[in-house]
DNA sequence: GTTAGTGCAAATTTTTTGCATCGGT
DNA sequence: ACCGATGCAAAAAATTTGCACTAAC
């Protein structure tokens, strides 16, 4: 088990004098399980276990967890922020601007670029989850006709 | 002057039986000039020339222009879609998740990756404008402390 | 003269905020 | 018991839709 990947929620919270609540556990768990999900989707997932949880709490909790470094968000396709656990289930998203399809690709494709950015400008690419936009093979074929 | 970069708005519209209006000209012009801008910013820019233009028209026109391939949108940092002319003023955006800073980098960094994606999976990366997320040098330094 | 395009207002959708209550420590 | 966290309702943003009027063709 990798040492840095498992800072327990309880510990992180306690370290800052924050409280461990069922909602926070559920939200983190949902984000981990879903891989990448919008606040809406997290809400639905959480509600499947604890029906009464308010959407407001989801937003507040996601924001908190992000501040704590336990989750991050990126923007896949259309205006919907999606949250995920850094380093977990890592892969690239190739989002087709034309048909909206999302395919996944191995993260290793990014390594050379990540390396160069770090060397050249000290910028550490978040390669946890990453969205790249373009035109998928199918749509590219159509456009040529 | 590159041949493919200048399909006149009038021509594109006429080809589809659509009408050339002042608003459409102004919106396209604003997107070109601003480089990358949210609907809101486009609205403000347009209103500086033609005060009465409604935000609704901005949304509708951006959608139309995107359908015509004259502009595209991507999501920089926080939930705000930004529109730009494909191939124009091209550069990478490096968005810092921590402090929100956006720095620009030359597009050439992406070429190897773009090449590989096209070869491997037929995916044409939209390298017109592109946002990469991560931690900037300044924030990375802070985090180490 | 036709009919697409625009402006306006209202409806939706998404996210944020204020405040009383509840529950972790 | 204290004070942070939650739920609820309402506010604030952001985006979309319906419809009558204007203007491009």
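The backbone N, Cα and C atoms fix where each Cβ goes, glycine too.
The secondary structure of residue B:96 (Zn(2+) binding site), as reduced to three states from DSSP, is extended strand. In sequence order, B:102, B:103, B:133, B:134, B:135, B:136, B:139 are the residues near residue B:96 (Zn(2+) binding site), counting only same-chain partners six or more apart with C-beta under 8 A. Positions annotated as Zn(2+) binding site by TrEMBL: B:96, B:99, B:136, B:139.
The binding-site residues in question are B:99, B:139, and the one with the fewest Cβ neighbours inside 10 Å is B:99. Applying an under-8 Å Cβ distance to chain A, the binding-site residues B:99, B:136, B:139 reduce to B:136.
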